[in-house]
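Below: the structure, in structure tokens.
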Amino acid sequence: MSDTRRLPGLKGFKHLKTGGPAGENLSLLVMLVLLVVVFAIASPRFLTGANLGSMGFQMPLLGLLTLAMLAPILSGGLNLAIVYTANISGLTLAWTLMQFGGPEAGIPAFILGCALAVIVGALAGAVMGGVVAYVGAHPILVSLAMMIFLRGLGEFLTRGGDISGFPDHMHTLGHGSVMGIPVPLILFAVIALGWHVLLRRTPHGFSVYMTGSNLKAAEYAGLNAKRTLVLIYTLSGVLCAIAGILMAARFSSVRVGHGEAMLLITVLACFLGGIDPFGGHGRVAPVILALVILQVLSSGLNLVGANQHLSTAVWGLFLIAVMVLRSGQIQRYIGLLSRKDT
């Protein structure tokens, strides 16, 4: 019989992977405070209302796409088609508005366009989830194929151009505020809270974590892992559609190539927020903190005169540093467990 006395329990296993929820959040908060202090000293404009408001308008779009990426990663997969799902959904909204007069389209036409956009996003996600679950194809290959298909379809239908000329009421969604709080930020906060509740407080969320941890074990435990995968990719597609609607409202136009650079940043935000790249573990709150850190980093570098390419390089170095630090924490925790068990 094997000696199991040295094996950490479930609680210990969770801490082994993340350093514990409190430690995980604390490390991210320390990073955030340090960055804020550095950029506040480097640029007197950093803590102004104008800059903070600008960050409040910029972060929600990346945040929605990150939440759309988070769920498939938790299930042990990946969704490389998030940006193009968002864009094709945005194009669906734009085409609907054009059929009802473009700038003259009313609220009912906008609601119809949003509903059709969400259906398109959900359909794209459901197709990916179905192929992953029932065909057994690798999520990277499936989502890559969907990404190529959606990009080609969008470029064919738009001839590589963009669609603009939206009604004025869309401006409120992309640029409005309520009591000084940007409308996109309010929308993102509500969706993030709902995503947290779904993943942490519902049977479906439990199934997602179980499927990501061990697909076979989840099936042996009686969970419908295939249905879970289809649903999680479908919901990912819905979030992409909402991001596409917001993107159209923010940019006042829709183009199939909008937001291409955000794809890898969403993966960076997930891993910086402690999501296990192999699935099965992670929470929404640390990912939100990671998004704030990346937004602070981007805005701060912009204010001190750095170009976007340097910001991207710094993001990459930032992720490498975090991975190295967390690897050291894990090794120290393993050593601590060993000493306690001897």
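Placement of Cβ uses the backbone N, Cα and C atoms for every residue, glycine included.
As written in TrEMBL, here are the features:
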type	residues	note
TRANSMEM	26-47	transmembrane segment
TRANSMEM	59-85	transmembrane segment
TRANSMEM	105-124	transmembrane segment
TRANSMEM	131-153	transmembrane segment
TRANSMEM	173-198	transmembrane segment
TRANSMEM	230-249	transmembrane segment
TRANSMEM	261-278	transmembrane segment
TRANSMEM	285-304	transmembrane segment
TRANSMEM	310-328	transmembrane segment
Taking residues 6+ outside the transmembrane segment (230-249), which of them lie with a CB under 8 Å of any CB in it?
60-61, 64-65, 67-69, 71-72, 74-75, 77, 79, 81-83, 85-91, 93-94, 114, 117-118, 120-126, 128-130, 132-133, 166, 170-171, 173-175, 184, 187, 191, 195, 198, 204, 208, 258-259
Quickly jot the same-chain residues contacting the transmembrane segment (285-304) by Cβ under 8 Å, restricted to those at least six beyond its ends, or write none.
21, 24-25, 28-29, 31-32, 35-36, 38-39, 42-43, 45-46, 51, 54-55, 58-59, 62-63, 66-67, 70, 192, 196, 265, 268-270, 272-275, 310-311, 314-315, 318
If you count Cβ pairs under 8 Å, which stretch among 26-47, 59-85, 105-124, 131-153 touches the transmembrane segment (261-278) the most?
59-85
Is the transmembrane segment (59-85) in contact with the transmembrane segment (131-153), using at least 3 Cβ pairs under 8 Å (sequence separation of 6 or more) as the test?
yes
